[in-house]
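*Asks:* The annotation domain 'Major facilitator superfamily (MFS) profile' is assigned in TrEMBL to 26-488. The feature transmembrane segment is assigned by TrEMBL to 19-39, 89-109, 121-140, 179-200, 212-231, 297-319, 331-355, 362-383, 395-416, 437-458, 464-484.
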Amino acid sequence: MAAGFVDDEGRRRSGSGRVTAFVALSCATAAMGGAIYGYDISIAGGVSSMEPFLRDFFPGVLRRMAGGGGGADGGAPRVSNYCKFDSQLLTLFTSSLYISGLLTAVLLASWVTASRGRRASMILGGFAYIAGAAVSGAAVNVSMAILGRALLGVGLGFTTQSVQLYVAEMAPARYRGAFSNGIQFSLCLGALAATTVNFAVEKIRGGWGWRLSLALAGVPAVFLTVGAVFLPETPNSLVQQGKDRDTVKALLQRIRGVDAVDDELDEIVAANAAAAAAHGENGLWLILSRRRYRPQLAMAVLIPAFTQLTGINAIGFYLPVLLRTVGMGESAALLATVILVVVSSASTLASMFLVDRFGRRALLLAGGAQMLVSEALIGSIMAAKLGDEGAPSKAYATLLVVLIGVYSTGFGWSWGPLSWLVPTEVLPLEVRSAGQSVAVATCFALTVLVAQCFLAALCRMKAWIFFFFAGWIAAMTAFVYFFLPETKGIPIEQVGSVWEEHWFWRRIVGTDEIHASSKLSK
C-alpha cells in the first residue's frame, strides 16, 4: 500500500558496482564524525553525574543529591528523587553543544557543504571539535565549560551536515543502507568509548578524571580531520562544483571498481542540470516553496523530530543520572550505562545487515513497536515503585535496567540509524544540501528542547514523562506505516520517483510536476 517501490531492473542497473576497498576506507573515515557525535552525547551525562565535576561547577545539585534532614529539624528540605538533578545551568552545559550546532548548520554549514564540498565541511568540523575538546578539558569555571561545549557544537554542525551526504553519495545503491547505518554504528562505538572512559576516570583520585573525559573527544576529531584531508570529494559534489566529466568519471570508476559507470554519471549530471534549470534559486527556498518537494521536506522535518521525541537522547544524555535517581551508586550507574551501550551497539551492527534485506519500513515499524512497549513498562514501574523518597527494590531497579536495554535495542536497529539514512536518500541533488540542513536543524532544535527540558520535566511529570514519549512513539510508527515509501535498492538520483507511486504523496506532488521535472533532468 504505502511502499511505493518499483522493482525495476533499469532503475537498479545504474546503481551497480562493487564495494571497493577505496570506498570502504573513505566511508569509514567519514563515519568518524558519527563516533564524535556519540562520544559527545554520552560523555556529558556521565560527567554530570560525577561528584568532583558537580562540586566544581554545580554545587547546588550536589547538595540536593546529598539530601537534607527535613525542614522540621532545621536541615534543608528533602528533595524528590525526581528533582535532584533539576538545574537549568546543568542542562545548559549539555544543550549548549546543540544550540551552537543548530546555528552552525543553518547559517554556515549548508553553504560550505554545497559550494565547497562535503570534504571541506568535514575538515572545518574536525578543527572545531579539536578546539572544543581542548577548552572543555581545561575549563576552570562554568562559562569556560559551556564555551567548550559550544565549540564542539560548531564541529557537530559541520560534520552532521556533511558526513551523511558523503557516505550516501559514495556508497553503491544496493549497499547504501548498510553504509549509512554504519554511521549510527560508529556513533554507538563513540558512545561506548565515552561510557567506558567515564567509568574508568571516575576512580581517579584527585577529582580531575572528568577533565580527561571531556578532553578525549579530541582523539576521534584528529582522526577525522587528518583523514578528511586525504579523502576524495564525492562525484555528485564535483559535478555540482562544475568539474569536467572525465575527472568525475575517473573518480567514479575508482569508487565503483568497474569501467561501466556512464549510466550513473549521466544521472548525476542530469540531476545537476535539473538544479541549474531552477535558474539559480536558493536550495532552501526551493525545498520550502516548491510543491514537488513537499514529501522530501516532510521527511527532512518529521523523521529527525520523531527521533528526538522517542526520548532516546534524554536517556543518552542522562542515563547515569537516571540510574542514580532509581537508587544506584555512582560506579554502578556508570557500569550499567556501559553494558546498555554495548547492547545498543550490537543492535545497530545488526541493522547494517538487515536494512538492505528487509527494507527501511520493516525495521522502523518493528523497532517502533518494541520501543513503545518497553517505554510504557518503564513508566509503569517507575510510577508504581519510585516515589519522591526512598528507592525501588534491587529487583525492580534491575528490571528497569533490562527494559531500558530492550528500549535501546529497539532504537539501535531501527530509528537510530534510519533517522540518518531516510532524510538523506530521499533528497534530490538540487536541494540535497539545503534539505540536509533542514533535517540537521530540526534534529538539533528538538535535541536542545529535550536536553534543556528533560530534567525539569522529570521533576514535574515524574514517571509520566515516559508515557509522554510513548505517545510520540505510537504516532511516529503510524506515520511510517501510512506515509513513508520504501527506498531499498534504488539509486540515490532516482529515489524521487517513489512519490509518484505513493497513495498519498502523488496527490500532493502532482504527476504533471513530476513529469516536468523529469524532462528537465534528461
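Cβ coordinates are placed from backbone N, Cα and C, and glycine is handled just like the others.
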*Asks:* Which residues of the chain, 6 or more past the ends of the transmembrane segment (464-484), have a CB below 8 A from one of its CBs?
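*Replies:* For the transmembrane segment (464-484), the sequence-distant neighbours (Cβ-Cβ under 8 Å, at least 6 residues beyond its ends) are 2, 298-299, 302, 306, 309-311, 314, 360-361, 364-365, 368-369, 371-372, 375-376, 378-379, 382-383, 415, 422, 454, 457-458, 504-505.
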*Asks:* In the same chain, which residue numbers or ranges, 6 or more beyond the ends of the transmembrane segment (179-200), come under 8 angstroms Cβ to Cβ?
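*Replies:* 27-28, 31-43, 46-47, 50, 163-164, 167-168, 170-171, 209, 212-213, 216, 220, 316, 320, 331, 334-335, 337-338, 341-342, 344-345, 348-349, 351-352, 355, 412, 416-418, 420-421, 424-425.
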*Asks:* How about long-range neighbours of the transmembrane segment (437-458): same chain, 6 or more residues beyond its ends, C-beta under 8 Å?
*Replies:* 82-83, 85-88, 90-92, 94-95, 98-99, 101-102, 105-106, 109-110, 113, 156-157, 160-161, 284, 287, 297, 300-301, 303-305, 307-309, 311, 313-314, 317-318, 321, 325, 419, 423-424, 465, 468
*Asks:* Other than its close neighbours in sequence, what residues sit by the transmembrane segment (121-140), given a CB gap under 8 Å and a spacing of at least six beyond its ends?
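*Replies:* Apart from its flanks, the transmembrane segment (121-140) reaches 30, 33, 36, 57, 109, 112-113, 147-159, 161-163, 166, 211-212, 214-218, 220-222, 224-226, 228-229, 231.
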*Asks:* For the transmembrane segment (212-231), give me same-chain residues lying six or more residues beyond its boundaries with a C-beta closer than 8 angstroms to one of its C-beta atoms, as numbers and ranges.
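*Replies:* Beyond its ends, the transmembrane segment (212-231) has Cβ neighbours at 26, 29-30, 32-33, 35-36, 39-40, 43, 46-47, 119, 122-123, 125-127, 129-130, 132-134, 136-139, 145, 148, 152, 155, 159, 166, 190, 193-194, 197-198, 201, 204.
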*Asks:* Kindly state the mean pLDDT of the domain 'Major facilitator superfamily (MFS) profile' (26-488) in the predicted structure.
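*Replies:* So the average pLDDT across the domain 'Major facilitator superfamily (MFS) profile' (26-488) works out to 84.
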